[in-house]
Structures are given as structure tokens and as C-alpha cells.
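Participant: Annotations per TrEMBL:
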- 20-168: domain 'Casparian strip membrane protein' (DOMAIN)
- 27-45: transmembrane segment (TRANSMEM)
- 65-84: transmembrane segment (TRANSMEM)
- 104-127: transmembrane segment (TRANSMEM)
- 160-182: transmembrane segment (TRANSMEM)
Amino acid sequence: MSPGEVPVYSTGGRLKAMERRVKIGEVVLRLAMCGLGVLTCALIGTDTEVRTIFSLEKKAKFSDMRALVFLVIANGIASGYSLIQGVRCLVAMSRGSVLFNKALAWAIFSCDQVMAYVLLAAVAAAMQSAVLGEFGQPEMQWMKICNLYRKFCNQVGEGLVSSFLASLSMVTISFVSAFNLFRLYGTNKGRGSSSYTVGM
């Protein structure tokens, strides 16, 4: 057994089958998160609308709102990260490896937590900006703009829905990575009659 590898004991193939189902679920979630993140970037990053107001042309684009820029960047980074992790999971499954060493498990857990929090923060900031755009803030004399740029706001709304689903996927992934990490420290680690050792 190589340094860093974790022996996992089981009473048969039942645990190994469960490990494989968890890994398949993780792959599906990571690829779904990647797809939703890319969709968010495409919807918001390409969103523009030109209106003529008092003979002046005004163009609304996502870069006019910093919250939307943050949302696009966060989704782009999270999508790339999820794609890399999804490929890692597929390679591990094709090699027959299910579990991994503790250092890698801690790194993946930490990165998943950071990505989940960043995505949630980006979605929350963008939703706040969207509410201001839709309803304004009369008390502070901030006018609503979605009555002027309806197409732009509708497409931003679609991007926000996609990003919200992506953030939910990332939160679920963070639970899976927490499970993958903390089972390596489980009380049943030393019990059972058979074992298999896996590493990455």
C-alpha cells in the first residue's frame, strides 16, 4: 500500500457498489453544474439591448452592472473547475478507483466549499441588482430600468435562474465531497472481513 492511500474495509461488494453510485452521482452533478454555468455565461455575457431615448441611443449590456460581471466570472470559473473535477472522477472510475487519499480529499472538499460560497454570493448580488432594475428604489430616487430594457432584463432573468440551479448543484456537490472526505475518518474503517485499497 502506497503512502497516503486509505484502506477501506467492507463486508462484501455492497459498499463498493454504493461508492460507485455516489461517484456516478458526483459526475452527473459536476457536469450539470458545468453546463448550467456555461449557459449562464452565454445568456448574460451576450445580453444587449439598444433603445433610443430622446433621440439618443442607449445600449444596455451586462458589463454595465458589476454584479452581473461578477456572476459571469464566478460561473465561468466554477464551470471550468467542475469540468476538471468531472473528468477526474471519470478517470478514477475507469481505473477502478473510487476513494482517494486524505490530502486530495481535503483539497477537493475545500475547493468545492469555496466554489459553492462564491456562486451563492454572486447569485445573491445579481438578484439584488435585478430586483432594483425591475422595481427601482423610490426612497433613494433610483429609477427602474426594466420597463425600458425589457428584453435585456428577461434574458438576465433566464441567466439568473440558470445560475441559481448551478449554485444548488455546487452546494449538493459540496455535500458529496464532505461525505467523501469524512467517511475516510469513519468509525467503521477498521471493521469487516474484506478490504480493498484505492488511490489516485
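Keep in mind that glycine also has a Cβ here, set from the backbone N, Cα and C atoms.
Where the annotation comes from TrEMBL, it is an automatic prediction and has not been curated.
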Participant: Sequence gap of 6 or more, Cβ distance under 8 Å, 3 or more pairs: do the transmembrane segment (27-45) and the transmembrane segment (104-127) meet that?
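Facilitator: Per Cβ check, the transmembrane segment (27-45) does not touch the transmembrane segment (104-127).
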Participant: The transmembrane segment (65-84): which same-chain residues, six or more beyond its ends, come within Cβ distance under 8 Å?
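Facilitator: Residues 30-31, 33-35, 37-38, 40-41, 44-45, 111, 115, 118-119, 121-123, 125-126, 128-129, 133, 156, 159-160, 163, 166, 170, 173 contact the transmembrane segment (65-84) from elsewhere in the chain.
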Participant: Who are the long-range neighbours of the transmembrane segment (104-127) in its own chain, taking Cβ under 8 Å and residues 6 or more past its ends?
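Facilitator: Residues 65, 67-68, 70-71, 73-75, 77-78, 81-82, 85, 156, 160, 163-164, 166-167, 170-171, 173-174, 177-178, 180-181, 184, 200.
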